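Enquirer: So that we are looking at the same thing, I have put the structure below in structure tokens.
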Amino acid sequence: MSNAATGSRVLYLGSDQGLMRDLTALVEPKSVQLVQLGSASALAQELRRLAPEVVILDAAAVSVEGGLAAFLGTLYGGEAFHPRAICIARAGSGEDRMEQRLAALRAGAASYLVPPISVKRLASRVLRMCGIVETVRYRILILEQDASHAKKIASLLATIGMETLVVDDPMKILARMQAFRPNLVLMDLYLPGATGSELTTIIRDHDDFYGIPILFLSQEADLDKQLAALKAGGDGFIKKPVSREALIAAVEYRMRMSRWLQDRRTLVNRRETAGGFLPRDVFMRHLEQITRAREAQGGVHGLVIIDVDGSQGILNALGLTATEKLLRELESLLSKTMTPEESATRMDDFRYGLLAKRETLSKLEALASTLCQQLSGLKPQDRDIKLEVSVSVGVGLFDPPADDAFAMVSRAEKAAAGAKSAGGNQAHVWSAASRQNGAPEAESVIKRLVSTALAQDGFLLFFQPILSLNQQEDELYEAQIRMKTLDGEQMPPAEFLSVAERAEMMPRIDRWVLRRAFEVMHAERVAHPRLRLLVHQNVMTLAAPEWFPWFRDQIIKRNLTQIYPVLELQMADVRQNRAEAKVFIERLRKYGIQVCVANVTGIREEISLLARIGATLAKLAFQTIRNADRIQLTEIVQALQARGVAVIAAGIDDQATVSRVWTCRPDFIQGNYLQLPQPELSFDFQHMSHDG
């Protein structure tokens, strides 16, 4: 692959002068030469002479029978050198079908584009194939009185493409930040006229800079003074004299995390389109908030699931591109039926969710019927293809109150499944008849449900990501159990675990959860090689003599050596059975198996106990996260970390909480603000680890 500095060549076979002009303007400044050719013979000749990095083939310029795929096969057939090929299909020719894409891919194409062509995206693709990475320069403000030290830091940051501004007067910090708009601030902890802690307090009080990462440059070894600086809002320390490795690692990670939080804040507050579509995770979080509110808000709310009938047949008939165009038209029609208060999302490839509100139940049912009629009138753009489109619509009602967002999805999906099994192209409304007007299930009924679930594999695991703030690359999820009920809903653990405990069923449930966790870890070991699961257990389950041999056998049977779950215990359980907990935790640690204790309030007795029994992680109680101020929370985090216990701040459900918790420097954060629990491992840890 040629380097941009020595020049890269791209050959274009085609006659679109506008494309040639616009593409040249975008790639020439990157030292890429674009050569236009008018015939296949000229291309074959120049291919040998110029050895280009990329060839762009316009189907309109190819007259070979078999199209682009056949031409590529001929072009590459006798050549040892194969540049990467971008194929452009002809508009309205039917060349956007899956068959043509597959044929081109198998003949050697690296990319297959269908008009209309975005020249900017094409240019970006060409540059990547030429080995030219387009980078964004991030800005770092350095507040340092020592000019030579500041210059050294600026030079080190320049080597990784950072733009820097050195400031030596702390009194000018806000003015310089307003003008420079940095992505991160590096400042000396001790400055003439003001300390770094004081300046950080002022910066955090400024609306524009509240969330900007601030790292201190210091030789300060006094833990109390470090703590005071962190309490003021600092994000961390870089020890003087600064080493290149420590500087770059700290800066890149803090900026990456800051950008993620800014992206998340933007995502939560935006609409994908003017039609009221939301990203799926934002939609689910909004649904969760409405579900938990449980107060009458006027009108009748419902979750509407729209499931396209015969989806595989549509995909086979139209191909991927035409199918997506059809679904875009469906989305447009759906948005026209929505009021400004309503929102929708694409749940998966062929299912949509609509959070609807109408004045009465009959009007909500009428909406579902209207959706069936309107969406069933969709036709593919290619009128020669005879295709009937229909949808099955299911409406899940909020009355009686559901436990969470996924219970609501279960209601709507059950109704949609009923509509589909009845022949499709119709709407069904979820019935609450089996729930006795919302009355809670009797304990005897729940006990029978648990027994049935144990006998018939009636439990589910959902997974919620736990995000490291300390540059760990593991993918850590908490595995959360749910139970399927007779009416198709999913019962959260709070509703059945206490009953199971009184019925002495917890050892069997604990084993089911661990066994299922092992199955997931084994199945996902290739796709998620750094996966770790946090798995709930009870002290007395683990203390039983037969438990450890069973646990070891599960690991050996699935060849999961060195791939262990993290076992999670409840603080109240540990306090009640501290002697047993200490014994088996010590045994587990010898094998490298970690233990997390949850619902830690942060009182001195708990912190001391966690250190004595050898727990490696502590998950703070929700009420501690909600009620403690930033200084109190920081002191709890620091006290645990000083004893070798890493801290998980859970219950991060909104921007205000994440902003407050962020500066307290826990090791991990978890909550619905990151992602609601999902039935699959879908959080983008890779983006978090390597975006930068």
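Cβ coordinates come from backbone N, Cα and C, glycine included.
Swiss-Prot lists these features:
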- 9-130: domain 'Response regulatory 1' (DOMAIN)
- 139-255: domain 'Response regulatory 2' (DOMAIN)
- 299-432: domain 'GGDEF' (DOMAIN)
- 443-691: domain 'EAL' (DOMAIN)
- D58: 4-aspartylphosphate (MOD_RES)
- D188: 4-aspartylphosphate (MOD_RES)
Enquirer: Calculate the distance in Å between the alpha carbons (Cα) of D188 (4-aspartylphosphate) and D58 (4-aspartylphosphate), and round it to a whole number.
Expert: 57
Enquirer: Below 8 Å between Cβ atoms, which of the listed ranges 139-255, 299-432, 443-691 makes the most pairs with the domain 'Response regulatory 1' (9-130)?
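Expert: The stretch with the most close Cβ contacts to the domain 'Response regulatory 1' (9-130) is 299-432.
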Enquirer: Per DSSP, what is the helix/strand/coil residue tally across the domain 'Response regulatory 1' (9-130)?
Expert: 60 helix, 26 strand, 36 coil
Enquirer: Mind checking how the domain 'GGDEF' (299-432) divides into helix, strand and coil residues in DSSP?
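Expert: Tallying H, G and I as helix, E and B as strand, the rest coil: 59 helix, 33 strand, 42 coil.
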Enquirer: Over the span of the domain 'Response regulatory 2' (139-255), count residues by DSSP class, listing helix, strand and coil in order.
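Expert: The breakdown for the domain 'Response regulatory 2' (139-255) reads 53 helix, 28 strand, 36 coil.
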Enquirer: Per-residue pLDDT averaged over the domain 'Response regulatory 1' (9-130) comes to what?
Expert: 84
Enquirer: If one looks at the chain holding D58 (4-aspartylphosphate), which residues at least 6 apart in sequence have a CB under 8 angstroms from its CB?
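Expert: Counting only residues 6 or more apart in sequence, the Cβ neighbours of D58 (4-aspartylphosphate) under 8 Å are Y12, L13, G14, S15, D16, I88.
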Enquirer: Would you count the other C-beta atoms found within 10 angstroms of the C-beta of D188 (4-aspartylphosphate) for me?
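Expert: Total other Cβ atoms inside 10 Å, all chains included: 22.
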